[in-house]
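Summarising the annotation, Swiss-Prot assigns active site, proton donor to 55. Among the features that Swiss-Prot reports, NADP(+) binding site is placed at 20-24, 50, 166-167, 190, 216-221, 270-280. The substrate binding site annotation in Swiss-Prot covers 117. Annotation comment: Swiss-Prot describes 54 as site 'Important for substrate specificity', evidence class similarity to another entry. As annotated by Swiss-Prot, site 'Lowers pKa of active site Tyr' applies to 84.
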């Protein structure tokens, strides 16, 4: 496979492609769509596929990858596949079985990257969001350092090439980094990051500790009713961004993605639209001038499209801290 996607070296010696394809599909009818769009993404040169147990479409994504291996488009080693440990499996004894369950669904022998999806622990079981009779989430109390040790064992067993975290704040990263007997540092922290939430302080902390920041929601967001405030401004309609797009003769989405790559961030782009999937690959055809990067830095307004409010009552809720 001849992909023009550049890679960044991780702190464990493996490398991650700087542009990834996001596969989150909220509704049932989008599951099949996520399979088709993943095939298209691989066809046009995406080799980094980001998924999760939470998305409930790993079977479809696995089929897409397998079909592209079988038709000779790619080899397994060309693909960088990320999965994530959901909050109902934080207890150490549940970590490996959860990863093995994902691998079975995917029909893969290993994942390239396995992340703790969210630092808030939920009651174990088959329900993704277990609730009591009043509709409140049923939380669990787990020491994330114990969860991390179980993640390290998954790496040692060859089930995951690299391990990292997602949605962790600085304090939570510090807790892992300062853990007595730490065997492997997290290779990355995948967080919401875009022009309206540029995460500059968290990025600086991650760089200082040789942790790659991976951006989800890099293009703002589709409007998922259950998790975002519908009054939030549409990122890709931002006048400064649109003017910049005109200047570079690119789309606002390409400018938003290039902004992240120029900061040393790995960006995830999600689309079910073939034309846009193809277009996102053009991000490697240009660079932004440093003055324009400064202008884009100025768009930050600390705006979260995914505030995850339903987890606020848990002591590990990550977004109360400044970063």
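Every residue gets a Cβ built from N, Cα and C, even glycine.
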Self-check item: Nearest of the recorded positions (54, 55, 84, 117) to residue 275 (NADP(+) binding site), judged by Cα-Cα distance
Solution: 55
Quiz item: Using DSSP, would you call residue 24 (NADP(+) binding site) helix, strand or coil?
Solution: coil
Quiz item: Measuring Cα to Cα, how many angstrom lie between residue 271 (NADP(+) binding site) and residue 54 (site 'Important for substrate specificity')?
Solution: 18
Quiz item: For residue 24 (NADP(+) binding site), which of these recorded positions sit within 10 Å, Cα to Cα: 54, 55, 84, 117?
Solution: 54, 55
Practice problem: Quick one: of the recorded positions 54, 55, 84, 117, which has its CA closest to the CA of residue 190 (NADP(+) binding site)? | Solution: 117
Quiz item: Rounded to the nearest angstrom, how far is the Cα of the residue listed as 'substrate binding site' from the Cα of residue 219 (NADP(+) binding site)?
Solution: 20
Self-check item: Collapsed DSSP category at residue 279 (NADP(+) binding site)
Solution: helix
Quiz item: Want to know which binding-site residues, from 20, 117, 279, are within 10 Å of residue 84 (site 'Lowers pKa of active site Tyr') at Cα; which are they?
Solution: 117
Self-check item: Nonlocal neighbours by CB distance (under 8 Å) for residue 54 (site 'Important for substrate specificity'), same chain, sequence gap 6 or more
Solution: 84, 86, 117, 128
Practice problem: Tally every other Cβ atom lying within 10 Å of the Cβ atom of residue 279 (NADP(+) binding site). | Solution: 18
Practice problem: For residue 279 (NADP(+) binding site) and residue 55 (active site, proton donor), determine the Cα separation and express it in whole Å. | Solution: 25
Exercise. Measure from the CA atom of the residue listed as 'active site, proton donor' to the CA atom of residue 20 (NADP(+) binding site) and give the result in Å, rounded to a whole number.
Key: 16
